[in-house]
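> Feature table excerpt (TrEMBL):
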BINDING   His69, Ser86, Tyr165, Met166, Asn167, Ser186, His299, Pro300, Glu301, Thr316  iminosuccinate binding site
BINDING   Cys133, Cys273, Cys363  [4Fe-4S] cluster binding site
Amino acid sequence: MTTTPLNGTLAEPAPTPLALLLLGREADTASERGVDCPGDLPAASDPDLVARARAAKAALGDRVFILGHHYQRDEVIEFADVTGDSFKLARDAADRPDAEFIVFCGVHFMAESADILTSADQRVILPDLAAGCSMADMATAEQVAECWDVLTDAGVADTVVPVAYMNSSADIKAFTGRHGGTICTSSNAERALTWAFEQTAGAARSASDKGGGGRGAGKVLFLPDQHLGRNTAVRDLGISPDECVVYNPHKPHGGLTAEQLRDAKMILWRGHCSVHGRFSLDSVNEVRERVPGVTVLVHPECKHEVVEAADLVGSTEYIIRALDAAEPGSTWAIGTELNLVRRLAKAHPDKEVVFLDRTVCFCSTMNRIDLPHLVWTLESLVEGRVPNVITVDPETEKFAKLALDQMLALP
Ligand code: 13P
Ligand code: SF4
């Protein structure tokens, strides 16, 4: 299958202080990155960890509700009351108003969303505050505000509806809510984009009445994952890759001319997932040679050329359902996070499940939540201390909730 050359290329970021903080070195007092656990963390080698986690969870009973994202380690998933992708977990958190403590075994943006969707007296806890997300960090509030100024100066802001991926900070979600947009996840991105273009139709009409708009009138600003945005627009909505432009926050005016912005339908933020971004066309070709008859199934955070070369594309929940429905004896190469792929392989011994890439591909920040952090969190709660509470300030929460509620109301 041929692919059309795309705007913008992907380069590894330079080793900045931020990159070091993500690795847990140094400390950033203004954010959760790189912070040390303030408590007395049990040793990973402690043979009683499982028993301690069980005892603490039993002592807390219904006061605690533990959510586990599919990319979490097995040792953590074992203690989750529910597992899911980010969409399902957002709903699950909102559906448990009786739980005093929501322990979120996932990453920071997920815990923020849970805090926004739960009541004021519930506390959302992230067992390790250094469990951030490199993709979410690729769009800061300042950069996005500057982008909106660029769109305004180009005369197109009136015709743009923002769609932010769940994998973004509460600030970016609030920006999206303030500008009449919606949040999406990998399981509802098509519905979210369809809805957003329906909203832009009205906005484009009124902008062109005022002499604005332009050739590609009716646009979506998709943040922060360029790949999910492009894959959804091109594969699901039939938008041409030529109508997608990439806004690079590190370049003046995003690296785009006013004319390019006017002509575009999709303005893609230049962000990506450091885990899914690793899969390449070579890995697809290589696995097809290595495993004859294999079905290649990838997550839509993968690059467009990988998604085009795959047989099936879908969110983590989709991947799990596809494997559940697969014929015994079938062979599968999965392009998503390794904890999930390993669990799928274990759960389906009658099928051959291989990892799409030969190299190990855990999400390093998801993996920060381990059994010692979970035990420390649960035992702290038993002792009456509430550690690592994630709170979103009321003003940000108000607008972020608008965008999240819009997602939950998508047709
Ligand atoms: P989903 O949970 O929406 O599939 O997203 C995958 C992911 O990268 C979560 O961080
Ligand atoms: Fe972020 Fe990618 Fe890890 Fe998900 S898998 S938390 S998007 S870095």
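Each Cβ is built from the backbone N, Cα and C atoms, and glycine gets one as well.
Bear in mind that the values here come from a model prediction, so they are computed numbers and not experimental data.
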> Excluding Cys133, Cys273, Cys363 themselves, which residues in that chain have a Cβ inside 8 Å of the centre of the Cβ atoms defining the [4Fe-4S] cluster site?
Tyr71, Val107, Ser134, Met135, Asn167, Ser274, Val275, His276, Glu337, Thr365, Met366
> Would you mind reading off the Cα separation of Cys133 ([4Fe-4S] cluster binding site) from Asn167 (iminosuccinate binding site), to the nearest angstrom?
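Checking the Cα atoms of Cys133 ([4Fe-4S] cluster binding site) and Asn167 (iminosuccinate binding site) gives a distance of 8 Å.
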> Let me check the 10 A CB neighbour count of Cys363 ([4Fe-4S] cluster binding site). How many other CB atoms are there?
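Result for Cys363 ([4Fe-4S] cluster binding site): 23 neighbouring Cβ atoms inside 10 Å.
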> Which of these binding-site residues (His69, Tyr165, His299) have a C-beta closer than 6 Å to some atom of ligand 2?
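With ligand 2 as the reference and 6 Å as the Cβ limit, the list is empty: none.
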> Would you identify which of the binding-site residues His69, His299 has the most other C-beta atoms lying within 10 angstroms of its C-beta?
His299
> What count of other C-beta atoms do you get within 10 angstroms of the C-beta of Asn167 (iminosuccinate binding site), across all chains shown?
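Within a 10 Å radius of the Cβ of Asn167 (iminosuccinate binding site) lie 28 other Cβ atoms.
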> By the DSSP assignment reduced to helix, strand and coil, which category contains His299 (iminosuccinate binding site)?
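The residue in question, His299 (iminosuccinate binding site), is coil (DSSP, three-state).
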> Cys133 ([4Fe-4S] cluster binding site) has how many other Cβ neighbours within 10 Å of its own Cβ?
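23, counting other Cβ atoms within 10 Å of Cys133 ([4Fe-4S] cluster binding site).
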> At 10 angstroms around each C-beta, which of the binding-site residues Tyr165, Cys273, Glu301 has the fewest other C-beta atoms nearby?
Cys273
> Can you grab the distance from Glu301 (iminosuccinate binding site) over to Cys273 ([4Fe-4S] cluster binding site)? Cα atoms, rounded to a whole Å.
7
> If the iminosuccinate binders are His69, Ser86, Tyr165, Met166, Asn167, Ser186, His299, Pro300, Glu301, Thr316 per the record, what's the largest distance between their Cα atoms, in Å?
17
> What does DSSP assign Asn167 (iminosuccinate binding site), in three states?
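DSSP call for Asn167 (iminosuccinate binding site): coil, neither helix nor strand.
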